[in-house]
Structure formats: C-alpha cells, structure tokens
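Colleague: Mind having a look at this structure? Questions to follow.
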Amino acid sequence: MPSSAAAHPDGPRPTPASDDTRRPTDDQARAARGASLSTVASMRRLVPYIRPVLPRILAGVLCALGASLAALAVPRVLQWLVNGPLTAGLATHDESGLWWGVVLVLVLGVAEAGLIAARRALILIPGTNIEARLRTELFTHLQDLPVAFHDRWPGGQLLSRSMSDLGLLRRWIAFGMLTLVVSSVTIVVGIGILVATGGVLGLIYLAGAIPMTVMAFTFSRRFRAVSRKSQDQAGDLATAVEESVHGIRVLKAFGRGRDALSSFARQADELRGTELDKAKIQSGLQAWLTAVPELTLGVSLVVGVWMVSEGRITVGALVAFFATAAVVNSPVIDLGMVLSMTLNARTAVDRYFDVMTTPNTLPDPAAPREVTDPHGELAFTGVHFRYGDAPAEGPGSTDVLDGVDLVLPPGKTVALVGLTGSGKSTLAMLVPRLYEVTGGSVSIDGVDVRDMTREHLRSLVGVAFEDATLFSASVRDNVLLGAPDDARTDADLARALDVAQAGFTYELPQGTSTTIGEEGMSLSGGQRQRIALARAIAARPRVLVLDDPLSALDVDTEAAIQARLADELEEITTLIVAHRPSTVALADLVAVLQDGRITAVGPHSELLATNEHYRYVISSLEDEFTPPPPDDVEVARQVARGEARAVVDEALDSGDATPSGRNGATAIGAWQASEGSER
Ligand SMILES: Nc1ncnc2c1ncn2[C@@H]1O[C@H](COP(=O)(O)OP(=O)(O)OP(=O)(O)O)[C@@H](O)[C@H]1O
C-alpha cells in the first residue's frame, strides 16, 4: 500500500463535475446558458470590457449625436430661409439675407462631416482593444480548462468563437452599437420635432411607429434563433475543415477525399440555407421599415398640401417637415440592419460566454501545499477513474481504473504493462492532473497532487506522450518550454537534445533556432518524438511520465536513447507506459494493470516466471520483441547502457551527433550480445 496519502483538509472531495465541461449542443442546454437571457442582459456582460474605454466611446457617441443634430438643424434653417429671407427677398428684391442662410447650411454640413470623421477615429481603437482583450481572456481560459473540456468541444467551435464571433463583436462595438444609440436618439428627437412643429402631420408620421415596433419584436424573436443556428453551423463547418486538413494524408491515402468533400458540401449547404433564412427574415423587416415611413410620408404630403391651401400651415413649415422627415427616415431604414447586427453580436456574446462561464473543474486549492524537498516518491492510493461521458450502464459503464494501488520508490523506473485499453495512458495522465481521479488519490512525496498548485505540480512532473505535439516555434523554445528559469542555457538545451538523441536539430537550416511545428519545418514522427522527449528531460522533473514516447523510432535509435535515458533516469522516478516489450528493458520494476487494478508488481524476470497474465500480455506483444534474459534484466540493462553509451560518445567525438545506422546497429549488437552471453 502507498506509504502516505494526504488527507484533504476539507474532507471528502467532490466528484469532478465533468458535465460542466460539455458543449451545449441542444436548445435545452443553450437555454440554460446565455440564450435564456434578454438581449440587454446578455449584452450587459460586455460592460466590464467596455468600461475602460468608455470615455472614448462616449466621445464618439457625442460626435455622432452632434453630426445628427447638425443634419436635423438643416431643415430648420431651410424653414427660416423660405419663410424669412426668401419670402422677404422676393418682395423687396433684396437677396442679401439669403446668403446668411446659405453660409449657415454650409457650416452645418462641414460640421456634420467633421464630426462623423472624429466619431470614426474615436471608436476604431476601443473596438479593436475590446476584441483583443476578449480574445486573450478566452485563450487564457481555454488553457485553464481541463482536458475533459477539450475532449468534448470540437476545435472548430472554439476557433469560430475566438475569431469570427469576436470579429462580429468588434464591428458591432465600432459601428452597430454607436449607430443603434445615434439612430435611436435621432429618431426620438426627429419625431419629437415633427410632432412639435408639424402637429397633425407629425402624428401621422408617429402612427407609422406602431406597425414597425410590432414587426421589430417579431423579427427579433425569429432572427435570434436563426442567428444562433447559423453561427453554430459555421463552427461545425470550421471543425470539418480542421479535421480534413489534419487528416488529409489519411483521406488521400484511402481515396476518401470526395466523401469528405460531399459531407463538407452538405454542411456548407445547410449553413447556406440558414443564411438564406436569415436574409429572408431581415429583408421582411427591411421591407416594412422602408414601406411604412414612405406610406406615412405620402399620407402626410396629401394632408400637408391641403393644410397649406387652407392656410393652416406655411409653405416653409411644410418644407421643413419633409426635410426633417427625410433625415429621420434614413435611421429608421438603417434600424433593420442595426437590429440584425445587434442580434448577431448578442449571439456572439452568448457563444463567447458559453465557454467563459464553463467552470474550471480542476482549480488550484485554496491552501496549496508544496513538496519542499522532493525525493520523487509517486504513489497511487485506491485510485478510481471514469471518463465523464461513460454510460450509466452496459459496456463502458464501469470505472476504467477500479482501485489502483501502486508506489514508485524515488529514483526507480516502473514500466506499466497491460492489454490494450486497460487504462495505462489514463493512469499516466492522472499524475500531471490532466484528468482528476474520481476516487482515491495520487501523491508525490506524500502530498496529494490536488493539494498543489498546478504550477508547482508541473515543476515536479515532466511528461512525454506518443503523440508528440510541437508548437510553431524554434526547436530551442519547444525543448525549453517547461524548463525552470535556471535551466534554460545552451548547455541545458544540448544535454536534453543529447539524451533524446535529437542531435539532428543542429543540422536543420538555422540549427536549434529553426522554426518547427505547424508553421515551420516538417519533421518525421520519430524526430518529433525525440524533441518531445528532450522537452520532458529539459523540464528537470523529479517524476517523469513517459507514455510510449519512442514508438516511432527505429530500433537502433531507440536503443541509443534507452541507454542514455537509463543514465538519466537514475535520479528521476519514472512511470513508463510500455506499449512495446522493448520498453520494459528500461524499467527496474514492472507493474501489471488488469481489470482496472495493479495485479502484480516485480522485476520482469520474476513476473514472467510467476504471472500468467503478464506472460500473456508480453507474448501478445512479442512479435516485435525478444525479451531480455528473464533471470537478470539488470545485467542486460547495464551492459546495454555501457556499450551504447560508448557508441554515443564515440559518435559525438567524431562529430556525428546522431549515432544511427552502423553505429546504432553496433549499440544494438552490443545489447543483443549481452543478452546472448547471459543466456
Ligand atoms: N478521452 C476519453 N474519453 C472517454 N473514454 C476514453 C478516453 N480516453 C480513453 N478512453 C477509454 O478508456 C479506456 C482506457 O484507455 P487508455 O487509453 O487509458 O488505455 P491504454 O491501456 O493506454 O490503451 P493502449 O495500450 O491501446 O494505448 C478505453 O476503454 C478507452 O476507450
């Protein structure tokens, strides 16, 4: 049994709420999140982001309002011109008064243009700042969320939320929000002026607002649903593109490119259909917003002409009325576009906060503990684990890990062996807390990994997986990604590359400064694995978790790495998931994982002699492996280590940083010879 497992200070721990990390794929789940909010409540969540740039936005709004007021003042000047200087000028043949009116209209026009330009300049920066901040926070949150979240959420959905949704929001902040405010104020003030100065004519115009308001409400309801649908479909489409790009080799190799295309075309067609629905709903509202004001103006014209002929209003008042109505008409017509923009932005906000409000189910503890003098004892105590989406009953309903007890003494290397699907990788991922145990505990030197901050845990644990992920950065940055601050020198880099037999990186066009990863040089699977292994070593961990990190290597390179690793691992406690029998040669002990538990622990030779299941597992893998002599694994390891080390040193002395081919074969030969001699 493990020596010590820290008791949680708060008593029993809650089971991780894996469900919280799921993507809301149905309407019910969406309703439970942002979609259940009103548009105002939904958009209010942007207030903390808008507040820091509020002065600039307000200045922009004031400029825009000033421009609208200048536009609304022009008809008043026209009224004064028609009723005053023009009428008087016609009677007295003195046109001097007219020029004052012309100058005033000109000044108002220039002021309007200047204010519009100032509005643009003021609003542009806040929009881009908010977008950048939202994007950075989303990225940080995504980094924070547990792996279980990323298992559930398709990459394209996250991509579309962080790119197109936030782009939509920026455009709304820079244009839509401002236009909404300014249009609303212009319409209210304009209609106020129309009613105040035009009397009955103003009331006729105002009556048009009733059908338009009803239409706007109906529109909002329908448009919101279809807007959400189209943005979700765009995310699904992005996922399809991402998957096909990642899997392009498989698709081409199996000649399934056309199938992928037809499924992509179907999704694209669905999105096109939704976009068309959106356009139809919007054009329906637009038709009303254009027709109703024109209709009311037509009625006002008939009534207005009659009123002038009856002497109830002046010609100047009629001209001013229609000039003001023309100024009000334009924001009324724009309202359809601004409303749809606002509803699209609201959907973007909902989708953004769907992710941002997903809680981190693996938070740092309130009172973290540290391993002050790490020795590297790794202990699993009664560990249970079940994936979040496991069914309640039937196949897959039982725990993947069903009470694992295992202690790795400091500095020892333990190979984890079991049939495929027995849970080896799952157990390995519990150590760096990529997943959370659902029962029991994992501890390092007696401190439960859940009681440490993630930063402290990462400083103790290094990992390398079979699937070697590299980032678009230099070899150096990739290798030193997790290295502590005091271990980032050229010598540290060289040591890690040497152990991982990644000397080939010096031969790349810019040496270790060469950019690799998605945007950089393509590397072979084995080369990628060696860099990932170097990264794990450069992190200088006390506990190393290796999940078949050598699977893509040829036998001689693997043997050379194993020899160097064996030296390196003497100080590090290592859990190595053995998917290949050759990996067992690295280990001091082997632990057998069977039916979710560790059923046997011991040296390879002992287990081979005493454990039937172990023999079965090894024989199922044996096609590719001849195990070392059962009676003395350690002797074989030491000989291999010594011989292969000599080959590596010789190769390095002769300038060949990557001993492979003949040299590597010699190392293998030495190992095999040792094997033979021991038999
Ligand atoms: N992200 C996941 N979500 C749900 N189930 C998973 C997930 N990853 C693995 N499983 C399931 O958990 C079980 C154990 O998987 P795991 O990868 O740990 O096995 P393994 O022993 O490492 O297998 P192999 O030797 O084939 O790599 C399998 O039944 C697998 O289907």
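Every residue number used here counts from 1 along the chain in the order it is shown.
Yeah, the Cβs are placed from backbone N, Cα and C, and that goes for glycine too.
Note: TrEMBL annotation is automatic and uncurated.
Just lifted these from TrEMBL, have a look:
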- 19-30: compositional bias 'Basic and acidic residues' (COMPBIAS)
- 58-344: domain 'ABC transmembrane type-1' (DOMAIN)
- 378-620: domain 'ABC transporter' (DOMAIN)
- 1-34: region 'Disordered' (REGION)
- 650-679: region 'Disordered' (REGION)
- 53-78: transmembrane segment (TRANSMEM)
- 98-118: transmembrane segment (TRANSMEM)
- 172-194: transmembrane segment (TRANSMEM)
- 200-219: transmembrane segment (TRANSMEM)
- 313-333: transmembrane segment (TRANSMEM)
Colleague: I'd like to know if the transmembrane segment (98-118) touches the transmembrane segment (172-194) in this structure, counting it as a touch only when three or more C-beta pairs sit under 8 Å and are separated by 6 or more positions.
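Modeller: No; fewer than 3 Cβ pairs under 8 Å.
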Colleague: Sort out for me which stretch, of 53-78, 98-118, 200-219, has the most Cβ pairs below 8 angstroms to the transmembrane segment (313-333).
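Modeller: That would be 53-78.
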Colleague: Sequence-remote contacts (6 or more beyond its ends) of the transmembrane segment (53-78), Cβ cut-off under 8 Å?
Modeller: 101, 104-105, 108-109, 111-113, 115-116, 118-119, 122-123, 125-126, 129-130, 173, 177-179, 181-182, 185-186, 189-190, 193, 316, 319-321, 323-324, 326-327, 331
Colleague: Which whole-number mean pLDDT does the model give the domain 'ABC transporter' (378-620)?
Modeller: 87
